[in-house]
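**Q** Heads up, here are the entries from TrEMBL:
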{"type": "ACT_SITE", "residues": "Asp165", "note": "active site, proton acceptor"}
{"type": "BINDING", "residues": "His19, Phe42, Ser101, Glu119, Asp144, Ala145, Asp165", "note": "S-adenosyl-L-methionine binding site"}
{"type": "SITE", "residues": "Tyr4", "note": "site 'Interaction with substrate rRNA'"}
Amino acid sequence: MLSYQHEYHAGNFADVHKHLLLWLVLDSLLARPKPFVAIDLFAGSGQYRLDQGMAARSGEWHQGIGRLWSLGRGPAALRAWLGAVRELQPDPPRLTVYPGSPELIRRRLREQDRLIACELHPAAYAALRAGLHGDRRCHVHRRDAREAARGLFPPEPRRGIALLDPAYERPAEYTEVVRMTAEIRRRWNTGTLLVWYPVLEDGRHPQLREALRAAHLGERILFSELRLTDPPRGSGLQGSGIAVVGAPWQLDTHARRVLSAAWRCLDPEGRGGLFQALALENARGRPHLVRVETPDPHDPEDVKDHD
Ligand SMILES: C[S@@+](CC[C@H](N)C(=O)[O-])C[C@H]1O[C@@H](n2cnc3c(N)ncnc32)[C@H](O)[C@@H]1O
(Lines of atoms letter the chains of each structure in order from A and count residues from 1; the text may use other names and numbers.)
(Lines give C-alpha, C1' and ligand atoms only; values in the text may rest on other atoms or scores of the structure.)
Protein backbone atom coordinates (compact mmCIF):
# COMPACT_ATOMS: atom_id res chain seq x y z
CA MET A 1 0.00 0.00 0.00
CA LEU A 2 1.52 3.29 -1.07
CA SER A 3 -1.20 5.83 -0.39
CA TYR A 4 1.00 8.08 1.75
CA GLN A 5 1.97 11.35 0.08
CA HIS A 6 4.54 13.43 1.84
CA GLU A 7 3.50 16.58 -0.08
CA TYR A 8 0.72 16.98 2.44
CA HIS A 9 3.12 17.19 5.39
CA ALA A 10 6.16 18.78 3.73
CA GLY A 11 7.81 21.45 5.85
CA ASN A 12 5.71 20.74 8.93
CA PHE A 13 7.22 20.75 12.43
CA ALA A 14 8.14 17.05 12.18
CA ASP A 15 10.07 17.67 8.95
CA VAL A 16 11.87 20.59 10.58
CA HIS A 17 12.80 18.46 13.61
CA LYS A 18 14.06 15.59 11.41
CA HIS A 19 15.93 17.81 8.96
CA LEU A 20 17.70 19.76 11.72
CA LEU A 21 19.00 16.55 13.30
CA LEU A 22 20.00 15.30 9.84
CA TRP A 23 21.84 18.59 9.31
CA LEU A 24 23.75 18.13 12.59
CA VAL A 25 24.80 14.56 11.76
CA LEU A 26 26.00 15.76 8.34
CA ASP A 27 27.97 18.52 10.09
CA SER A 28 29.91 15.89 11.99
CA LEU A 29 30.55 13.82 8.83
CA LEU A 30 31.72 16.95 6.99
CA ALA A 31 34.17 17.83 9.76
CA ARG A 32 36.66 15.35 8.27
CA PRO A 33 37.85 15.15 4.65
CA LYS A 34 37.26 11.38 4.39
CA PRO A 35 34.36 10.50 2.06
CA PHE A 36 30.95 9.52 3.41
CA VAL A 37 27.79 7.95 2.02
CA ALA A 38 24.23 8.98 2.91
CA ILE A 39 21.58 6.31 2.32
CA ASP A 40 18.04 7.69 2.33
CA LEU A 41 15.82 4.60 2.45
CA PHE A 42 12.42 6.36 2.32
CA ALA A 43 13.46 9.37 0.31
CA GLY A 44 10.22 10.99 -0.91
CA SER A 45 10.26 13.26 -3.95
CA GLY A 46 13.05 15.61 -2.91
CA GLN A 47 11.42 19.04 -3.25
CA TYR A 48 7.93 20.25 -2.39
CA ARG A 49 5.90 23.26 -3.53
CA LEU A 50 4.33 24.92 -0.49
CA ASP A 51 2.24 27.47 -2.40
CA GLN A 52 0.24 24.97 -4.46
CA GLY A 53 -1.18 21.43 -4.37
CA MET A 54 -1.41 19.33 -1.24
CA ALA A 55 0.99 21.35 0.92
CA ALA A 56 -0.99 24.52 0.24
CA ARG A 57 -4.25 22.72 1.02
CA SER A 58 -3.05 21.21 4.30
CA GLY A 59 -1.13 24.32 5.37
CA GLU A 60 0.88 22.19 7.85
CA TRP A 61 4.08 23.99 6.88
CA HIS A 62 2.80 27.20 8.49
CA GLN A 63 3.42 25.54 11.89
CA GLY A 64 6.80 24.29 10.73
CA ILE A 65 9.22 26.07 8.41
CA GLY A 66 6.74 28.99 8.31
CA ARG A 67 7.43 29.75 11.98
CA LEU A 68 11.20 29.77 11.49
CA TRP A 69 11.36 31.51 8.15
CA SER A 70 11.99 35.05 9.34
CA LEU A 71 14.32 34.04 12.18
CA GLY A 72 17.38 36.29 12.10
CA ARG A 73 19.27 35.00 15.11
CA GLY A 74 19.97 31.63 16.66
CA PRO A 75 22.56 28.84 16.70
CA ALA A 76 24.82 28.69 13.63
CA ALA A 77 23.53 25.28 12.48
CA LEU A 78 19.93 26.49 12.57
CA ARG A 79 20.83 29.57 10.52
CA ALA A 80 22.87 27.45 8.09
CA TRP A 81 19.94 25.07 7.51
CA LEU A 82 17.61 28.04 6.96
CA GLY A 83 20.19 29.43 4.52
CA ALA A 84 20.04 26.16 2.54
CA VAL A 85 16.24 26.43 2.37
CA ARG A 86 16.57 30.09 1.28
CA GLU A 87 18.98 29.17 -1.52
CA LEU A 88 16.29 27.00 -3.08
CA GLN A 89 13.64 29.73 -3.37
CA PRO A 90 12.81 30.80 -6.93
CA ASP A 91 11.21 34.04 -5.72
CA PRO A 92 13.02 35.12 -2.53
CA PRO A 93 12.22 36.17 0.10
CA ARG A 94 8.90 34.38 -0.53
CA LEU A 95 8.92 30.83 0.82
CA THR A 96 7.45 28.57 -1.86
CA VAL A 97 9.69 25.49 -2.00
CA TYR A 98 10.82 23.13 0.77
CA PRO A 99 13.74 20.69 0.41
CA GLY A 100 13.12 17.10 1.54
CA SER A 101 15.87 14.93 2.95
CA PRO A 102 17.55 13.84 -0.34
CA GLU A 103 17.73 17.40 -1.66
CA LEU A 104 19.09 18.65 1.65
CA ILE A 105 21.75 15.93 1.63
CA ARG A 106 22.64 16.58 -2.02
CA ARG A 107 23.30 20.24 -1.25
CA ARG A 108 25.93 19.23 1.32
CA LEU A 109 27.82 16.55 -0.64
CA ARG A 110 31.41 17.20 -1.55
CA GLU A 111 33.00 15.70 -4.66
CA GLN A 112 34.10 12.61 -2.67
CA ASP A 113 30.70 11.91 -1.03
CA ARG A 114 27.68 9.94 -2.29
CA LEU A 115 23.92 9.81 -1.86
CA ILE A 116 21.86 6.66 -2.43
CA ALA A 117 18.11 7.31 -2.31
CA CYS A 118 15.36 4.65 -2.40
CA GLU A 119 11.73 5.41 -3.13
CA LEU A 120 8.87 3.07 -4.12
CA HIS A 121 5.98 5.40 -4.99
CA PRO A 122 6.01 5.84 -8.80
CA ALA A 123 5.29 9.60 -8.81
CA ALA A 124 7.67 10.38 -5.93
CA TYR A 125 10.36 8.23 -7.56
CA ALA A 126 9.96 10.04 -10.91
CA ALA A 127 10.17 13.46 -9.25
CA LEU A 128 13.20 12.44 -7.20
CA ARG A 129 14.97 11.02 -10.23
CA ALA A 130 14.29 14.17 -12.23
CA GLY A 131 15.52 16.40 -9.39
CA LEU A 132 18.80 14.53 -8.92
CA HIS A 133 19.38 13.84 -12.61
CA GLY A 134 22.84 14.74 -13.85
CA ASP A 135 24.49 14.73 -10.42
CA ARG A 136 27.02 11.89 -10.55
CA ARG A 137 27.27 11.76 -6.77
CA CYS A 138 23.61 10.74 -6.46
CA HIS A 139 22.03 7.34 -7.16
CA VAL A 140 18.27 6.88 -7.15
CA HIS A 141 16.72 3.41 -6.78
CA ARG A 142 13.10 2.39 -7.19
CA ARG A 143 13.56 -0.14 -4.47
CA ASP A 144 11.76 -1.41 -1.38
CA ALA A 145 13.57 -0.07 1.68
CA ARG A 146 13.05 -3.40 3.49
CA GLU A 147 15.01 -5.19 0.80
CA ALA A 148 17.56 -2.36 0.55
CA ALA A 149 18.23 -2.71 4.30
CA ARG A 150 19.75 -6.09 3.44
CA GLY A 151 21.17 -5.33 0.01
CA LEU A 152 22.89 -1.96 0.47
CA PHE A 153 24.80 -2.60 3.70
CA PRO A 154 27.64 -2.40 4.51
CA PRO A 155 28.24 0.41 2.01
CA GLU A 156 31.50 1.76 0.65
CA PRO A 157 32.81 4.05 2.02
CA ARG A 158 32.16 2.88 5.57
CA ARG A 159 31.54 6.35 7.03
CA GLY A 160 28.06 7.70 6.70
CA ILE A 161 24.43 7.99 7.65
CA ALA A 162 21.28 6.02 6.85
CA LEU A 163 17.90 7.71 7.20
CA LEU A 164 14.85 5.53 7.98
CA ASP A 165 11.74 7.62 7.59
CA PRO A 166 8.78 5.30 6.91
CA ALA A 167 5.23 6.53 6.46
CA TYR A 168 3.83 4.35 9.34
CA GLU A 169 0.70 3.69 7.26
CA ARG A 170 0.50 0.10 8.53
CA PRO A 171 0.82 -0.99 12.18
CA ALA A 172 3.45 -3.55 11.07
CA GLU A 173 5.77 -0.71 10.11
CA TYR A 174 6.52 -0.14 13.81
CA THR A 175 8.10 -3.59 14.12
CA GLU A 176 9.56 -3.50 10.61
CA VAL A 177 11.51 -0.33 11.31
CA VAL A 178 13.07 -1.86 14.44
CA ARG A 179 13.98 -5.00 12.50
CA MET A 180 15.48 -2.96 9.64
CA THR A 181 17.47 -0.81 12.06
CA ALA A 182 18.87 -3.91 13.80
CA GLU A 183 19.70 -5.58 10.45
CA ILE A 184 21.51 -2.51 9.16
CA ARG A 185 23.37 -2.05 12.44
CA ARG A 186 24.52 -5.68 12.40
CA ARG A 187 26.03 -5.20 8.96
CA TRP A 188 27.26 -1.63 9.46
CA ASN A 189 28.37 -0.68 12.94
CA THR A 190 30.44 2.30 11.81
CA GLY A 191 27.52 4.33 10.43
CA THR A 192 24.92 6.55 12.05
CA LEU A 193 21.24 5.63 11.66
CA LEU A 194 18.56 8.26 11.97
CA VAL A 195 15.10 6.75 12.58
CA TRP A 196 12.02 8.98 12.57
CA TYR A 197 8.84 7.92 14.44
CA PRO A 198 5.50 9.60 15.07
CA VAL A 199 4.37 10.62 18.55
CA LEU A 200 0.65 9.88 18.30
CA GLU A 201 -2.35 10.15 20.58
CA ASP A 202 -2.48 6.34 20.74
CA GLY A 203 0.82 6.35 22.65
CA ARG A 204 2.62 3.68 20.61
CA HIS A 205 5.92 5.56 20.55
CA PRO A 206 7.18 4.53 24.03
CA GLN A 207 7.08 0.88 22.88
CA LEU A 208 8.99 1.77 19.72
CA ARG A 209 11.55 3.69 21.78
CA GLU A 210 11.89 0.77 24.15
CA ALA A 211 12.18 -1.75 21.29
CA LEU A 212 15.01 0.28 19.74
CA ARG A 213 16.69 0.66 23.11
CA ALA A 214 16.48 -3.07 23.76
CA ALA A 215 17.66 -4.16 20.29
CA HIS A 216 21.37 -4.08 21.18
CA LEU A 217 22.20 -1.52 18.55
CA GLY A 218 25.53 -0.59 20.11
CA GLU A 219 26.69 2.53 21.85
CA ARG A 220 25.01 5.90 22.00
CA ILE A 221 21.40 6.19 20.91
CA LEU A 222 20.06 9.72 21.11
CA PHE A 223 16.29 10.02 21.43
CA SER A 224 14.74 13.38 20.62
CA GLU A 225 11.03 14.17 20.77
CA LEU A 226 9.41 17.48 20.00
CA ARG A 227 5.77 18.32 20.69
CA LEU A 228 3.60 21.29 19.81
CA THR A 229 0.84 22.88 21.88
CA ASP A 230 -1.30 22.99 18.72
CA PRO A 231 -0.24 20.11 16.44
CA PRO A 232 -1.85 19.98 12.98
CA ARG A 233 -5.42 18.71 13.24
CA GLY A 234 -6.53 15.49 11.58
CA SER A 235 -3.37 13.40 11.55
CA GLY A 236 -3.37 12.59 15.28
CA LEU A 237 0.30 13.62 15.29
CA GLN A 238 1.13 15.07 18.70
CA GLY A 239 4.85 15.18 18.22
CA SER A 240 7.85 14.07 16.25
CA GLY A 241 10.34 11.48 17.48
CA ILE A 242 13.83 10.60 16.29
CA ALA A 243 16.32 7.97 17.39
CA VAL A 244 19.91 8.52 16.30
CA VAL A 245 21.74 5.20 16.57
CA GLY A 246 25.51 5.55 16.74
CA ALA A 247 25.11 9.24 17.53
CA PRO A 248 28.27 11.23 16.76
CA TRP A 249 30.25 12.64 19.65
CA GLN A 250 28.60 15.74 21.17
CA LEU A 251 25.47 15.40 19.01
CA ASP A 252 23.42 15.53 22.21
CA THR A 253 24.91 18.92 23.15
CA HIS A 254 24.48 20.40 19.68
CA ALA A 255 20.96 18.98 19.31
CA ARG A 256 19.91 20.40 22.67
CA ARG A 257 21.06 23.89 21.69
CA VAL A 258 19.69 23.89 18.13
CA LEU A 259 16.40 22.13 18.86
CA SER A 260 15.68 24.24 21.96
CA ALA A 261 15.98 27.37 19.80
CA ALA A 262 13.83 25.83 17.05
CA TRP A 263 11.22 24.55 19.50
CA ARG A 264 10.77 28.02 21.03
CA CYS A 265 9.74 29.30 17.57
CA LEU A 266 7.74 26.23 16.58
CA ASP A 267 5.77 26.18 19.83
CA PRO A 268 5.32 29.82 20.87
CA GLU A 269 2.68 28.88 23.44
CA GLY A 270 5.27 26.64 25.09
CA ARG A 271 2.96 23.87 26.25
CA GLY A 272 4.41 21.22 23.93
CA GLY A 273 7.93 20.26 24.86
CA LEU A 274 11.32 18.96 23.90
CA PHE A 275 12.55 15.68 25.31
CA GLN A 276 16.03 14.37 24.84
CA ALA A 277 17.67 11.24 26.20
CA LEU A 278 20.96 9.54 25.51
CA ALA A 279 20.99 5.75 25.90
CA LEU A 280 24.43 4.24 26.41
CA GLU A 281 25.38 0.59 26.55
CA ASN A 282 26.78 -0.19 29.97
CA ALA A 283 29.61 -2.58 30.69
CA ARG A 284 27.31 -5.62 30.45
CA GLY A 285 25.97 -4.44 27.11
CA ARG A 286 22.60 -3.49 28.55
CA PRO A 287 21.41 -0.12 27.27
CA HIS A 288 20.03 2.31 29.81
CA LEU A 289 18.82 5.88 29.62
CA VAL A 290 21.36 8.15 31.22
CA ARG A 291 20.03 11.62 30.67
CA VAL A 292 16.66 13.19 30.07
CA GLU A 293 16.37 16.89 29.41
CA THR A 294 13.45 19.19 28.92
CA PRO A 295 13.80 22.91 28.37
CA ASP A 296 11.93 24.98 30.90
CA PRO A 297 9.36 27.03 28.93
CA HIS A 298 9.58 29.82 31.52
CA ASP A 299 13.32 30.16 31.18
CA PRO A 300 14.28 29.59 27.57
CA GLU A 301 18.00 29.48 28.29
CA ASP A 302 17.61 26.86 30.97
CA VAL A 303 17.68 23.15 30.29
CA LYS A 304 16.94 20.93 33.25
CA ASP A 305 18.41 17.48 33.71
CA HIS A 306 16.40 14.64 35.21
CA ASP A 307 17.56 11.08 35.84
C1 LIG B 1 7.86 10.25 5.24
S2 LIG B 1 8.08 10.11 3.52
C3 LIG B 1 9.77 10.52 3.28
C4 LIG B 1 10.14 11.94 3.53
C5 LIG B 1 11.62 12.24 3.29
N6 LIG B 1 12.46 11.29 3.99
C7 LIG B 1 11.98 13.63 3.75
O8 LIG B 1 12.38 13.82 4.91
O9 LIG B 1 11.87 14.56 2.95
C10 LIG B 1 8.10 8.37 3.29
C11 LIG B 1 8.35 7.95 1.85
O12 LIG B 1 8.61 6.54 1.80
C13 LIG B 1 8.01 5.98 0.65
N14 LIG B 1 7.85 4.55 0.93
C15 LIG B 1 6.87 3.93 1.61
N16 LIG B 1 7.13 2.61 1.72
C17 LIG B 1 8.34 2.41 1.13
C18 LIG B 1 9.18 1.27 0.97
N19 LIG B 1 8.82 0.06 1.45
N20 LIG B 1 10.36 1.42 0.35
C21 LIG B 1 10.75 2.64 -0.14
N22 LIG B 1 10.00 3.76 -0.01
C23 LIG B 1 8.82 3.63 0.61
C24 LIG B 1 6.72 6.75 0.50
O25 LIG B 1 6.28 6.70 -0.85
C26 LIG B 1 7.14 8.17 0.93
O27 LIG B 1 7.55 8.94 -0.18
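Glycine too: its Cβ is placed from the backbone N, Cα and C atoms.
Those TrEMBL annotations? Automatic predictions, nothing curated.
Show me how these features fit into the structure around them.
**A** For Asp165 (active site, proton acceptor), the same-chain residues that are 6 or more apart in sequence and have a Cβ closer than 8 Å to its Cβ are Lys18, Asp40, Leu41, Phe42, Gly44, Ser101, Leu194, Val195, Trp196.
Summarising the environment of Asp144 (S-adenosyl-L-methionine binding site), the number of other Cβ atoms within 10 Å of its Cβ, over all protein chains shown, is 13.
Long-range C-beta contacts of Tyr4 (site 'Interaction with substrate rRNA'), restricted to its own chain and to partners at least six residues apart, with a cutoff below 8 Å, comprise His121, Ala167, Glu169.
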**Q** Across all the protein chains here, work out how many other Cβ atoms are within 10 Å of the Cβ of Glu119 (S-adenosyl-L-methionine binding site).
**A** 28
**Q** Tally every other Cβ atom lying within 10 Å of the Cβ atom of Phe42 (S-adenosyl-L-methionine binding site).
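**A** Taking every protein chain into account, the count is 22.
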**Q** Would you measure the largest Cα separation among His19, Phe42, Ser101, Glu119, Asp144, Ala145, Asp165 for the S-adenosyl-L-methionine site and round it to whole Å?
**A** 22
**Q** By the DSSP assignment reduced to helix, strand and coil, which category contains Ser101 (S-adenosyl-L-methionine binding site)?
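**A** Assignment for Ser101 (S-adenosyl-L-methionine binding site) reads helix.
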